[in-house]
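Here the structure is laid out as C-alpha cells; the discussion comes afterwards.
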Amino acid sequence: MTLRIAEIFGPTIQGEGALIGQPTVFIRAGGCDYRCSWCDSMHAVDSRFRHEWLPIQADQIMAEVEHLSGHQPLMVSISGGNPAIQDFTPVIALGKARGYRFACETQGSVARDWFSDLALLVLSPKPPSSGQVVDWTAFDACISAAKGAETVMKIVIFDQRDLDWARDTAARYPDLPLYLQPGNSETDPSKPVDPQHLADRMLWLVDQTVGQGWLRPRILPQLHVLIWGNKRGV
Ligand SMILES: C[S@@+](CC[C@H](N)C(=O)[O-])C[C@H]1O[C@@H](n2cnc3c(N)ncnc32)[C@H](O)[C@@H]1O
Ligand SMILES: Nc1nc2[nH]cc(C(=O)O)c2c(=O)[nH]1
Ligand code: SF4
Ligand SMILES: [Mg+2]
C-alpha cells in the first residue's frame, strides 16, 4: 500500500505547541479535505502540487526517516495536508519497533484507529478566519479514537473573532491541554517575515488572554518561523 507524501524533512526542532523545541523529523502527507484561507502548507494541500506528492511505501518512508535521523530514534511528526485521510498504521508500527515515537497534527475532521498508536495527537480545530466550518461530531470521534494517547488542542488565532471562538471551543473541552498560536499572515516562502510583526502578534495575543485574566491556554509563537521564516522543509 502506498501513501502520498509531499515531503519528509529534518531533523529540525518542533516549532509549535506542546513539543516545541524537541528534535523532530516531519512526514508531510499530501492532500487535505480543508482549504484554510491562510494555510501555510498549500504545497501539501492544493492539487496543483499533486505531481510533487510521491506515492511511497511505509518501509520506504521509515527508511528515509532513519536515514535523516542517522538511525537515532526520535520524535516523528506526521503532518500535512491532513494525514488522517491516509492510513499511517504501517509507518507507525515499523517506526515504533525501531524506537521512534510519533505525533500527528490534524484538524480533527477524520478519525483514525492509528491515533491510538501515537505518543501525541494534536487537534487543531479551525477558527472562523480560516473560512472552514468544524464538524464537531467528527472532532469528538478523533478524541475517542486516540483512546489513551495524549491529546492536545492547538488553535491558530488571527483576530478577536477567532479568540472568542477559541474561548467557546476551549470551554467544550475542559480536559484538553490548550495551546494558542498567532496566525502568520505571510506564508509566501519567497517573502521574508518581519520578526517585529510576529512579536506584535504575540503581544496582542498575550494581552487579550493572560492580560484579560484567561489563564488556561499556553501561548506560543511558531518558533520555526522566527528562525527560518517561511522556508519549506524546516
Ligand atoms: C499545515 S497544518 C497541517 C495539519 C492539519 N491539516 C492541521 O491543520 O492541523 C499544521 C499546523 O499549522 C497551522 N497553521 C497553518 N497555517 C498557519 C498560519 N498561516 N499561521 C499559523 N499557523 C498555521 C495549522 O493550524 C496546524 O496547527
Ligand atoms: N519546525 C517545524 N515545526 C512545525 N510544527 C508544525 C509544523 C507543520 O507544518 O505541521 C511544523 C513545520 O513545518 N516545521
Ligand atoms: S487543515 Fe491544515 S493543511 Fe489543510 S488547509 Fe487547513 S491548515 Fe492547511
Ligand atoms: Mg507548518
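Any Cβ shown, glycine's included, is placed from N, Cα and C.
Taken from TrEMBL, the feature substrate binding site applies to Ile13, Gln14, Gly15, Arg28, Ser79. Taken from TrEMBL, the feature [4Fe-4S] cluster binding site applies to Cys32, Cys36, Cys39. Marked as S-adenosyl-L-methionine binding site by TrEMBL: Trp38, Cys39, Asp40, Gly81, Ser124, Pro125, Lys126. The Mg(2+) binding site feature in TrEMBL is assigned to Ser41.
Here the features listed in TrEMBL are painted onto the structure.
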| residue | record | DSSP class |
| --- | --- | --- |
| Ile13 | substrate binding site | strand |
| Arg28 | substrate binding site | strand |
| Cys36 | [4Fe-4S] cluster binding site | coil |
| Ser41 | Mg(2+) binding site | coil |
| Ser79 | substrate binding site | strand |
| Lys126 | S-adenosyl-L-methionine binding site | coil |
Sequence-distant neighbours of Lys126 (S-adenosyl-L-methionine binding site) in its chain (C-beta under 8 A, six or more apart): Tyr34, Cys36, Gln107, Gln132, Val134, Val156
Residues among the binding-site residues Arg28, Asp40, Ser79, Ser124 that border ligand 1 - Cβ under 6 angstroms, in sequence order: Asp40, Ser79, Ser124
Cβ neighbour count within 10 Å of Cys39 ([4Fe-4S] cluster binding site): 18
Where the C-beta lies under 6 angstroms from ligand 3, the matching binding-site residues among Arg28, Asp40, Ser79: none
Among Ser41, Gly81, Ser124, which are recorded as binding-site residues, the nearest neighbour of Arg28 (substrate binding site) by Cα: Gly81
Using Cα positions only, nearest of the binding-site residues to the residue listed as 'Mg(2+) binding site' (Ile13, Cys32, Ser79, Gly81): Gly81
Beyond the site residues Cys32, Cys36, Cys39: chain residues whose C-beta lies within 8 Å of the centroid, for [4Fe-4S] cluster: Tyr34, Arg35, Ser41, Met42, Val45, Gly81, Gln107, Ser130, Gln132
C-beta crowding around Ser79 (substrate binding site), within 10 angstroms: 22
Rounded distance in angstrom between the Cα atoms of Ser79 (substrate binding site) and Ser124 (S-adenosyl-L-methionine binding site): 11
Ile13, Gln14, Gly15, Arg28, Ser79 excluded, remaining Cβ within 8 Å of their centroid (substrate): Gly10, Thr12, Glu16, Thr24, Phe26, Ser77, Glu105, His224
Among Ile13, Gln14, Gly15, Cys32, which are recorded as binding-site residues, the nearest neighbour of Trp38 (S-adenosyl-L-methionine binding site) by Cα: Cys32
Most crowded position, judged by CB atoms within 10 A, among Ile13, Cys32, Cys36 as binding-site residues: Cys32
